[in-house]
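K.L.:
This structure is in structure tokens; I'll ask about it shortly.
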């Protein structure tokens, strides 16, 4: 068997079209959706990634403001920036980009992103709301996995999905999205040994650890669908996932490529979430005011 | 094999001793820990349960205030009660007891319990913090399962635990507590069929659905440890769990009884959490004030 390549491009294209529809609706109401990306690093790969988000946003008609605090920024400065942006009416989505300066803990800071603008689902309140089924943005990478599975019509209800990786940005929120869709989910990690005990009977396997070669053809059953969330930069500059593509493609029925898979969809989701946040902000403003009154606040 | 009975009593006894130590420390500081239980029902079984919490609290030296709003209470009234209690300096722990009056959704109300006083981990913020590993109270029932496993020295790291039930009060927070302890966890539910596919290879199986006879000896492997979270009242008034004890005890190596298992530990944890919340409130007050100043605020 040679696995089908589940590329992210057609999924991202559909999400971009949805974002553009939202932007049209917003412009009719006189609103330009705004996304703020807070950066505090001089890491070139990170800055390149942030520029790619800004380009994707601009292309969809979403204004992107990159707030570069520099590699010497302190926790207080980052926290107050997030608080100001949370109150800024021109900004509808906020992303705090990692890595942060040494000694600055991202966990403590994300609580300063208002849940309504938390388009990358970083605030623990967003994760808690997602868990109990209330309205919240899921981390874009976790949602990208589900968008790909749904686009390619991979059934989830009643199926067994094995998620390798228990991070708060991918594994744990992805688990919630999969349970919402009635999958039975196993969460594996570095202490799950042998790993194939937990992956080899699943219909869908998601690798989200950040280690090249973590998953091979020996870990999955014939016909499994494999989603590769890993983005590892090798010494030679190559970008590879967590899955060994050659051996896995011989056993699996479908596999996402890296690059060109999950990452492509993630960026489109950040833009889409920002337009959704702007629409929701408008609805809340409208419902908070007596009918017939203007939208100026 | 006849399974060992993992009774809750010795676990609860140890937790009560810890709570009493905390109360001694608090009294030396002039603080009486206070627990508020908000009730809006005339359901006799519920009122009996609330009285049992109040008795357990009083016995440990924790003042318990039952706020009975009656079966006709509205959502606004419950919300404002929770907000007032969150600001009340004499109250360190708050529980909103279900069931609530018809049409009143518990999900919307628990956000009014301050996270610092959320001793039953009901606020989505508590659940989110638990998920990312920040300080938060876990729902007492979920933590009771882990307390029993640890008391009876059942290893969790590197083991496979199958949790049947995906509720926000048991299954989902329990998953977080188990992942923290390096277990590999499978979350099953009503759409997991056949159920034994997901339970029969696990070293530990937790049943938390609320359906008598859900789990039998056919669902678990020889030597498994089985924890029964179910509390189902039959028509004849008997209390039974989700596990069929006779067939399961023939296969499992250990099993919690119902009654006398998880439920016993849950009540002790609500009291312990209240004393911990009172200690934390004191520490925060002390660190917020210049050293040497009094504790009056």
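Note: Cβ is positioned from N, Cα and C throughout, glycine not excepted.
Got these off TrEMBL a minute ago, pasting:
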| type | residues | note |
| --- | --- | --- |
| BINDING | B:165, B:166, B:167, B:231 | NADP(+) binding site |
| DOMAIN | B:6-120 | domain 'Tetrahydrofolate dehydrogenase/cyclohydrolase catalytic' |
| DOMAIN | B:139-279 | domain 'Tetrahydrofolate dehydrogenase/cyclohydrolase NAD(P)-binding' |
K.L.:
Listing the binding-site residues B:165, B:166, B:167, B:231, which lie under 8 Å (Cβ to Cβ) from chain A?
P.N.:
B:166
K.L.:
Starting from the Cβ of residue B:165 (NADP(+) binding site), draw a 10 Å sphere and report how many other Cβ atoms land inside it.
P.N.:
23
K.L.:
Including all protein chains shown, what's the count of other C-beta atoms within 10 A of the C-beta of residue B:231 (NADP(+) binding site)?
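P.N.:
I get 19 for this one.
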K.L.:
List nothing but the one residue from B:166, B:167 whose Cβ has the fewest other Cβ atoms within 10 Å; the candidates are the binding-site residues.
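P.N.:
Output over binding-site residues B:166, B:167: least Cβ neighbours within 10 Å is B:167.
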